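Asker: Got a structure here, written out as structure tokens. Questions coming.
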Amino acid sequence: MATVLVYLIAIMAASLASASGAAELTPDYYGETCPQALPTIKLLVGAAILREPRMGASLVRLHFHDCFVNGCDGSILLDDTDDMIGEKTAKPNNNSVRGYDVIDTIKSAVNTVCLGNVVSCADIVAVAARDSIVALGGSPYDVLLGRRDATTASMDDANNDVPTPFMDLPALVSNFESQGLSLNDLVVLSGGHTLGYSRCLFFRSRLYNETDTLDPAYAASLDERCPVSGDDDALSALDDTPTTVDTDYYQGLMQGRALLHSDQQLYQGGAADALVKYYAENPTKFWEDFGAAMVKLGNLSPLTGDQGEVRENCRVVNQE
């Protein structure tokens, strides 16, 4: 009997441990522990965008690149150390992903209003992305919260997992499917390119090698900013309204005005064409579906419960 009792206790303990390590995210996670957290993030995101409207797109992209590498765990924020080469210097991120300083400012302010280290860096990134979208004209959506922060990061994983602007549609679909995301998610989340800019380095090949799918007038305007060689960091907008959340991005795809090869792949006579046309013609549905897809993105393999940690400083793991 004693042996059976010990066995049952062990089973119960294992179940409780599993539950604590896999707690579900909730929108009101900080409702009691720090009710001022979300208003503080919103205020500082708004201030950052007021100073530099482009920053909104950068914060959205930061969240996307974080989530696609081992889940939404804030690992992209970790600086390299002697023992770890992290994600910041990976090919998709190096001299490209921005917003780290804004996250640092927000984290410091949130630690102050919360009277301690309460809100994870991963949650701050997720909320900052949502607040950026809303500040630039998009519809609000509830961010599920309760993520914890990774204690390590991997440049190799970032190089392997983040989709590139050079991918064809089958590779994009496969990449998203590996994250549990559908073709519809691919098309909707690509609509995040309604915001922001890209470097010449990432669209030069399309500009000079894909003239059959590129609007001539649009190509001529890009020639002025992106020569055949040099000026890798020269910027061009991803759509005609790079600081406004709208459906111009999809309309641009239908007109051969996609800046990136990967974007034009969504409207190239393939399976994604109907979705692009649908969202181009239905802005309200795009806003609704985009919010739902961002929630789905934010649910990619989060650390919860007793997994990971809540970093005091988003750039470094906590000292024991």
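The chain as shown is numbered from 1 upward.
A Cβ is built for glycine as well, from the same backbone N, Cα and C atoms used for every other residue.
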Asker: According to the record in TrEMBL, which candidate from CYS114, CYS121, CYS200 pairs with CYS34 in a disulphide?
Answerer: CYS114
Asker: Looking only at CYS67, CYS72, CYS121, which is named in TrEMBL as the disulfide mate of CYS314?
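Answerer: That record, TrEMBL, gives the partner as CYS121.
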Asker: Taking CYS200 as one end of a disulfide recorded in TrEMBL, give the other end from among CYS72, CYS226.
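Answerer: Disulfide mapping in TrEMBL sends CYS200 to CYS226.
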Asker: Quick one: Cα separation, HIS65 (active site, proton acceptor) versus THR194 (Ca(2+) 2 binding site), in Å?
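Answerer: The Cα atom of HIS65 (active site, proton acceptor) is 17 Å away from the Cα atom of THR194 (Ca(2+) 2 binding site).
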Asker: How many whole Å apart are the CA atoms of ARG61 (site 'Transition state stabilizer') and HIS193 (heme b binding site)?
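Answerer: Distance (Cα to Cα, whole Å): 9 Å.
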Asker: Across all the protein chains here, work out how many other Cβ atoms are within 10 Å of the Cβ of CYS72 (disulfide bond).
Answerer: 29
Asker: Applying the rule Cβ within 8 Å of the centroid of the Cβ atoms of ASP66, VAL69, GLY71, ASP73, SER75, GLU87, what extra residues of the same chain belong around the Ca(2+) 1 site?
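Answerer: Other same-chain residues near the Ca(2+) 1 site: HIS65, CYS67, PHE68, ASN70, CYS72, GLY74, ILE76, ALA150, ALA153, ASP157, ALA158.
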Asker: Just checking: which of ASP73, SER75, HIS193, THR194, THR241 have a Cα that is within 10 Å of the Cα of CYS67 (disulfide bond), counting only these binding-site residues?
Answerer: ASP73, SER75
